[in-house]
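Reviewing the structure listed below.
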Amino acid sequence: MWTAQQTVVNNQKNEQQQQNNKTTLGMTSAISMALPKPSDLIKTTELEEALKPFDVFESDEELNHRMVILGKLYSLVKKWIKDVSIARNMPESVAENVGGKIYTFGSYRLGVHSKGADIDALCVAPRHIHRTDYFTSFFELLREQPEVTELRAVEEAFVPVIKMNFDGIEIDMLFARLLLKEIPDSMDLQEDHLLKNLDQKCVRSLNGCRVTDEILRLVPNIANFRLTLRAIKLWAKRHGIYSNALGYLGGVSWAMLVARTCQLYPNAAPATLVHKFFLVFSQWKWPQPVLLKQPFNANLGFPVWDPRINVNDRFHLMPIITPAYPQQNSTYNVSMSTRTVMMEEFKAGLTLTDEIMLGKQTWDKLFEPPQFFLKYKHFIVLLVCSGSTEDHLEWCGLVESKVRLLIVTLERNQHISLAHINPESFVQLESQKEPNVQCTMWFIGLEFIKTENLNVDLTHDIQKFTETVMNNAVNINMLKEGMKLEARHVRRKELHQYLAPSYLRRERKISVNNVKNGTDIRKRSLEAATTTNTSTTNTTTNCDSGTTAVNNKRTRLSEEFEDNSNASLSCNDDSNSNISGHEDSTNVPPQPTDNPPSHALCT
């Protein structure tokens, strides 16, 4: 029997527990429970207005269009599952009720998708429907739909997917088969027991939905979370640090960082949360992991992130752990260079948002792109070429997924302090294009340790990378005639041979305006270009006597990018991958050329 005194004590404990739940979200208690001040709400309104020019909000009409498309996909899935069930001798009355469902995840499910963004979807089917059915009969059903274009299946991917354009909207659709007779419309995928005895590919496919839903459950205010995440995602994209494949953070990682900020400041307005985001993560002690809740092992036999048990997990540089079982590190691809770049951006973001909150700057400054091509003297340019548009899409995807391997290799070079990959890809200039060839370029900025008479040979590193990519293409039967991967060393003053004059002029203009306005808080972006005396030879080419006005314009523009150092430029004749530099008493700058170097680091 409970005594009256015990009842009072238990009630007090329950009240205390409820109070703790209000102040403890995630792994720790909140840093501040302060409510927003009127000035915070004004700043939030200003933030929302600053986001609108970047098309991060969809109209109701566009949102309804997405819902109509998902409704059509859902109908197709139901029809397909019913037809397959009947073909397997299931009575039609039973086949009508076995179900099947479409779930969404990613930015659309989180409610932060922008105009024209794709939709990540998951098709969940009952146990008698197999993945082979999905990639055969369902694929053919999609092919028959007039609204579906650009249909392609990637069955052998780490997470198998069907990609398509459905009535103007890009859709990536995964498949998962649950060991259930029926899939009711009310099915909640959060129950861990649903994963029991599933294969790894199904678990990976389900993971996107489970993680997205768990994030939404763990934030104190979904509306504030969404506006904050929209701002942070736009900032990350504009600053070139939004790409999981290239070693930066992908959408789910940015969502988890914002969610953790919301847990630490549960009552804060979005403007304050953006500021606190930079405060928290500019000071974060990596590799201390970011966790939204205490990890739980359901003991279903799937590997989970745990550095106490898994030795490889101890070497992750920037762990951000997904909140749903099986917990994984979503930032496995982060390297020393990409982490360094992101940490610099966090610190620069804090400095700028400090000024914004004080009224000294406006939110639009936060979304100004950095001057990547002014930061470095030396670049590696990767030229990815193929003979057709369809082949080019696949070929670029493969190369992009492997670039991080080159970054890690460059980081191991004792003379390189930073290898900064720019996620933005560029199309080759019309004047440099070959007939019937598609060519895309990525640029890697190199920062060297300051050493006199430096001589760095990157030929072996580049050759190893290109061989790895080509061998992988052969192994998966992707390599086709016309597919090429070429790497070149390019100096800053040679960039006009690869990039449009308007693009380079825009960077220069932004940099000059920032200096004039006293807002160049990213000092490293200008100083990094003079931290090393490294340099290389300018490969000379004979120029046509009839040089066009456009080429003259590019040459004049390139002169604006000339560094003021008097380092001479020399290297071995047989390779322009040797990057060397020493002081030159003649102080005569090399002359720019109008054509790219005729030979590359490695082809």
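Cβ atoms here come from the backbone N, Cα and C positions, even for glycine.
Within 10 Å of the C-beta atom of V252 (ATP binding site) sit 22 other C-beta atoms, taking all shown protein chains into account. Annotated ATP binding site per TrEMBL: F105, G106, S107, D118, I119, D120, D172, K233, Y242, G251, V252, in sequence order.
What TrEMBL records for D118, D120, D172 is Mg(2+) 2 binding site.
Per TrEMBL, domain 'Poly(A) polymerase nucleotidyltransferase' is recorded for 26-219.
Residues belonging to the domain 'Poly(A) polymerase central' (224-368) score a mean pLDDT of 96 in the model. Residues or ranges marked as domain 'Poly(A) polymerase central' by TrEMBL: 224-368.
Per TrEMBL, domain 'Poly(A) polymerase RNA-binding' is recorded for 371-429 (among others).
Marked as domain 'Poly(A) polymerase RNA-binding' by TrEMBL: 430-508 (among others). Under DSSP, the residues of the domain 'Poly(A) polymerase RNA-binding' (430-508) split into helix, strand and coil as follows: 34 helix, 23 strand, 22 coil.
The region 'Disordered' annotation in TrEMBL covers 1-21 (among others).
Annotated region 'Disordered' per TrEMBL: 529-603 (among others), in sequence order.
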Binding-site residues (D118, D120), the one with most neighbouring Cβ atoms at 10 Å: D120
Shell of the Mg(2+) 2 site beyond D118, D120, D172, same chain only (C-beta within 8 angstroms of their C-beta centre): G106, Y108, I119, A121, K163, E170, I171, M173
Sparsest-packed among the binding-site residues, when each Cβ's other Cβ atoms within 10 Å are tallied, from F105, Y242: Y242
Tertiary neighbours of I119 (ATP binding site) (same chain, Cβ under 8 Å, six or more apart): R66, I69, L70, T104, G106, Y108, H113, I169, E170, I171, D172
Integer Å distance between the CA atoms belonging to V252 (ATP binding site) and D118 (Mg(2+) 2 binding site): 15
Other CB atoms within 10 A, centred on D172 (ATP binding site): 17
All-chain count of other Cβ atoms within 10 Å of S107 (ATP binding site): 22
